[in-house]
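Worksheet for the structure shown next.
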Number of protein chains: 2
Amino acid sequence: MLEFDNTERTNLGELGEFGLISYLTKAVEINEPSTLKGIGDDAAVLDFSNKKTLISTDLLLEGIHFDLRYVPLKHLGYKAVQVNLSDIYAMNGTASQITFSIGLSSKFPLEAVEEIYQGALIACKKYNVDLIGGDTSASVQGLVISVTSIGFADEDQIAYRSGAQEGDLLCVSGDLGAAYVGLQLLEREKNIFLENPNIQPDLEGKDYIVERQLKPEARRDIVELLAKIGIKPNAMIDVSDGLASEIIHICEASDKGCKLYEDKIPLDSMTYETAREFGIDPTVCALNGGEDYELLFTIPQADYDKIKGSMDITVIGHITQASEGCQMISKSGKVYPITAQGWNAFKD
Amino acid sequence: MLEFDNTERTNLGELGEFGLISYLTKAVEINEPSTLKGIGDDAAVLDFSNKKTLISTDLLLEGIHFDLRYVPLKHLGYKAVQVNLSDIYAMNGTASQITFSIGLSSKFPLEAVEEIYQGALIACKKYNVDLIGGDTSASVQGLVISVTSIGFADEDQIAYRSGAQEGDLLCVSGDLGAAYVGLQLLEREKNIFLENPNIQPDLEGKDYIVERQLKPEARRDIVELLAKIGIKPNAMIDVSDGLASEIIHICEASDKGCKLYEDKIPLDSMTYETAREFGIDPTVCALNGGEDYELLFTIPQADYDKIKGSMDITVIGHITQASEGCQMISKSGKVYPITAQGWNAFKD
């Protein structure tokens, strides 16, 4: 399903590593005031004089994190950046720079690398982030992407996972489970295609959930909104591994428990219907699906009035004493312990 | 030749990603005052109040950058860190933190991952650097290591590649070419072993050059020495791709030329002799070999008296006008243009 125009193919071997780097970085602009020196020296030089520096890093590996049979390269570059920026926003910070490293087969044409890079630069531009470095290498092992994101924050504005207080409202941005359902859909269409290459993928009317999987958006807008309405979350994390896993992270780091209400979990109607078509419980998609890149955070009850009008923030529960554990109250009123089924890429 | 005790094998699938991370990070200590928060949240939090922040990143891929048939895992972890710290020192800065990401097959036993990690932590401890984050993932593609190094410097102490001045002395630390010759030796012994597994590798008396390949040391001591004797290099770079390539980087970035004297290039006697045994010109090993991780820098002539007693710094030439180009004066007095033959991993 990966469509790539084969009419233009420039061999990477002809260019060499330096040639490739200089070709790719031609389009790189520096806009962020904290970037003193970007690409072109042994290290980038940044200035965060009165702020604290935030650093996060992620590895994206072909065959584990993405499947080039249905992930367009430009989307892949875009997503690799978003996934990383999300970690900076989850600290209640401002993302300002990234490094972007790629390992790729010499069989990859230059035009394909450029697609990935363009996707990354589109994300950078949209989020006011400078690309300040990286590494480019041949790989005998498929495509490897490693991104490090850098940001800043005032010390008293940083939201750690460990700050949740008893009585805090547990809030989440956007809706959950869509990226997981989108992935199921893409996998199904891939398998149909592999069995019969004459059948074109049928993603008609499923744009939202497919886009949530292929082209997630880190929630900078939520960090900005919270600052605007005068809320500093007591604890915050981004939802990358599924709601259940992230709730447990906050509760463990804060030494607290929580009550989560199933009927409050925000689900898009397309997520709900498609999950049903696949015979999967939509709540399970939200709890264990992952890759939503929404923000999960806790705020004092006194701040409730500030968020109650927001279309984009949902109160899904509250923080309790640690002794009560992490519980979900189901739609029928039953109480279940929340367990992080999570995702174990090391399992065969 | 990779020896690994197979009596203890813990399956990564049993542990899962979170289990692996918490197992590996037990031994991580935070010692650097600028680390406010290390591993355990969405991002690390650092404080470089009055300094500039330096960032550099490198990707190390199995089959391209290392061969597990002769690279011991602990050395690999150690080298992955050194290679990155070297970039921070090359800015005349202090390295203070790293992130360390690994992608590895689920077939890898826990004990093997731990070896890599231990090597990384030994390097961190030795160089006063905190390990503050990373990512751990399954890989279907062999071993992937990505390291980002973070450091700091006073703005007026940062040595860019672009600062070389006409008349500057061109200096290099340590000696060159040994890592390349060490690699040839390891490759030869590997091939003998592959042909006849009963023949044990013969590296007798070759410790220095083998160690230069397997366990390089970033030159923090040179940065400290220069500070102590009151020298701020006008330009600096680390020698990772070979002397020729790095000289050209400095000259191009500074819009200058240079004269390099072949007879001044520092070569260890074991490097010289072993290169001869292989029928390679020792000068070519220094110019194009790479992986020396020495520092190449330019200083004003007025600073000559400060370094002339140093055993560890050699003046190998001087900076000229750009119009003169980059030239090497051979032992016989002939003048050759310096070309970056370099290393092209994309060439088959």
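Easy rule for this one: first residue shown is 1, then count along the chain.
Including glycine, each Cβ sits where the backbone N, Cα and C put it.
The domain 'PurM-like N-terminal' annotation in TrEMBL covers B:40-152. The annotation Mg(2+) 3 binding site is assigned in TrEMBL to B:D42, B:D87, B:D238. Residues or ranges marked as Mg(2+) 4 binding site by TrEMBL: B:D42, B:S56, B:D87. Sequence annotations record features per position, and here TrEMBL assigns Mg(2+) 1 binding site to B:T57, B:D58, B:D135. The Mg(2+) 2 binding site annotation in TrEMBL covers B:D58, B:D87. Residues annotated as substrate binding site in TrEMBL: B:H65, B:E291, B:W343. TrEMBL lists B:Y117, B:G134, B:D135, B:R161, B:S240 with the feature ATP binding site. What TrEMBL lists as domain 'PurM-like C-terminal' is B:165-321. According to TrEMBL, the Mg(2+) 5 binding site annotation covers B:D241.
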Inter-residue Cα distance where the pair is B:T57 (Mg(2+) 1 binding site) and the residue listed as 'Mg(2+) 5 binding site', in Å
15
Reading the DSSP string in three states, the entry for B:D87 (Mg(2+) 3 binding site) is helix
Nearest by CA distance to B:S56 (Mg(2+) 4 binding site): which of the binding-site residues is it, out of B:D42, B:D87, B:S240, B:E291?
B:D87
Checking the binding-site residues B:T57, B:R161, B:E291, which are within 10 Å of B:D87 (Mg(2+) 3 binding site) at the Cα level?
B:T57
Write out how many residues of the domain 'PurM-like N-terminal' (B:40-152) are helix, how many strand and how many coil, based on DSSP.
34 helix, 43 strand, 36 coil
The average per-residue pLDDT within the domain 'PurM-like N-terminal' (B:40-152) comes out at 91
Using DSSP, would you call B:R161 (ATP binding site) helix, strand or coil?
helix
Per DSSP (three-state), B:E291 (substrate binding site) is coil
Candidates B:T57, B:Y117, B:D135, B:R161, B:S240 (binding-site residues); nearest Cα to B:D42 (Mg(2+) 3 binding site) turns out to be B:D135
In terms of Cβ proximity below 8 Å, which binding-site residues out of B:D42, B:G134, B:R161, B:S240 neighbour chain A?
B:D42, B:G134, B:R161
Specify the nearest of the binding-site residues B:H65, B:Y117, B:R161, B:S240, B:E291 to B:D135 (Mg(2+) 1 binding site), where nearness means the distance between Cα atoms.
B:Y117
Given the binding-site residues B:D42, B:D135, and counting only Cβ atoms in the protein chains shown, which has the most within 10 Å of its Cβ?
B:D42
Quick one: among the binding-site residues B:S56, B:T57, B:S240, which has the most Cβ atoms sitting within 10 Å of its own Cβ?
B:S56
Rounded Cα distance in angstrom between B:D238 (Mg(2+) 3 binding site) and B:T57 (Mg(2+) 1 binding site) is 14
Which residues in the same chain, at least 6 apart in sequence, have a Cβ under 8 Å from the Cβ of B:Y117 (ATP binding site)?
B:L24, B:A27, B:G77, B:F100, B:I102
